[in-house]
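J.: As listed in Swiss-Prot for this protein:
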- 286-298: compositional bias 'Basic and acidic residues' (COMPBIAS)
- 140-227: domain 'Ig-like C2-type' (DOMAIN)
- N32: N-linked glycosylation site (CARBOHYD)
- N200: N-linked glycosylation site (CARBOHYD)
- N219: N-linked glycosylation site (CARBOHYD)
- 1-21: signal peptide (SIGNAL)
- 22-234: topological domain 'Extracellular' (TOPO_DOM)
- 256-382: topological domain 'Cytoplasmic' (TOPO_DOM)
Amino acid sequence: MGLTFWKVFLILNCLAGQVNGVQVTIPDSFVNVTVGSDVTLICTYATTVASLNKLSIQWTFFHKEASQPVSIYYSEGGQATAIGKFKDRIVGSNTSGNASITISHMQPEDSGIYICDVNNPTDFFGKNQGTISVSVLVKPSKPFCSIQGIAETGHPISLTCLSVLGTPSPVYYWYKLEGRNIVPVKENFNPATGILFIGNLTTFEQGYYQCTAINILGNSSCEIDLTTPYPGIGIIVGAFVGTLIGVIIIISVVWFVRRKVKAKGKERKRNSKTTTELEPMTKINQRTEGETMPREDAIQLEATLPSSTHETEPNATLGPDHEPIPEPEPALQPTVEPPSGPELVPMSELEIQLEPEPAPQQEPEPLIVDEPFCDEEKVIKP
């Protein structure tokens, strides 16, 4: 009932020619602006109150992803202030009856609803708000082309195309490149989403494809190659080959090191064996040099004594069939100094016979002993 009363009251005032309240006018409710450029949002007002000292102008911004409007500009009594992210970017009009603002350097995130609100106390009736929808136009960014599925013959695949930026939303078109010709692809294609369904890939469908994203500001394109295997296969093959090469290198290094260690071990063993073989020979030589003279050599030495000894003492040497005549100790026991060197070790006759003698000393024993005794017998038996 009350609402009907107010409606009737406003109608009567209009018919009477009496206009009370603030009237806000928005000439353009939809505004498009290119990214990076400036835009002027026009908002005018009319009031029945002559005094403008308490007049206030407020602009708010409502983004499609926000939950409530945000104040970006406020002016009262001729004092204006820009607020939030629009600070230093908004300039308001100083003309009476004009509440317009100019925003510089518009960005894609500035797209949304702008609300102009004018209030003048005591003038409470009328339309004091107006709205403007602003769209910041952006050329489509370079789209991203991709393959869904395995790009091999007989496998179902689809091609996708998407531009991250673009206002208004771009429309997508697919083309197949055949040499210098560009052939539009129309079947199984959605221009709004940019998805091209190919199905089971055949040799006829292999080739180069191009996707173009278009809006009122321009277009951008991307290309995709269906003539080579899917990149994932190449990555797997590359990883396998790299791993195989790494294993071969490791095996080669281990084999080389083991071979080198083995060679050093053989050389060390060979040197040790040579040293071991030389030690007994050295001991034998030292022992041979330090041994006493054999009995045969002593007999030969007696046989080669000077003749004066035989003449003066004929009984000193006897034949093999006679008893030996004792000789004076000074004449029969010449002192022979042992050679300087290691201590002589006496050895039994059996040990002397078993040890090998040098080649020059191997003479027949009868010849060395009998010949001198035969000659003595001739001398002794006249």
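Keep in mind that glycine also has a Cβ here, set from the backbone N, Cα and C atoms.
Could you give the neighbours, burial and distances for every feature on this list?
T.: Model confidence over the domain 'Ig-like C2-type' (140-227) stands at 88, taken as the mean pLDDT rounded to a whole number.
Look at N32 (N-linked glycosylation site): DSSP puts it in a strand. In sequence order, V134, S135, L137 constitute the residues six or more apart from N32 (N-linked glycosylation site) in its chain with CB-CB distances below 8 Å.
When other Cβ atoms within 10 Å of the Cβ of N200 (N-linked glycosylation site) are tallied across all protein chains shown, the result is 11. In this structure, N200 (N-linked glycosylation site) is part of a beta strand by DSSP.
Here N219 (N-linked glycosylation site) comes close to K139, P140, P170, T212, A213: these same-chain residues lie at least six apart in sequence, with C-beta atoms under 8 angstroms from its C-beta.
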J.: Looking only at the domain 'Ig-like C2-type' (140-227), what are its DSSP counts of helix, strand and coil residues?
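T.: Across the domain 'Ig-like C2-type' (140-227), DSSP assigns the residues as follows: 0 helix, 50 strand, 38 coil.
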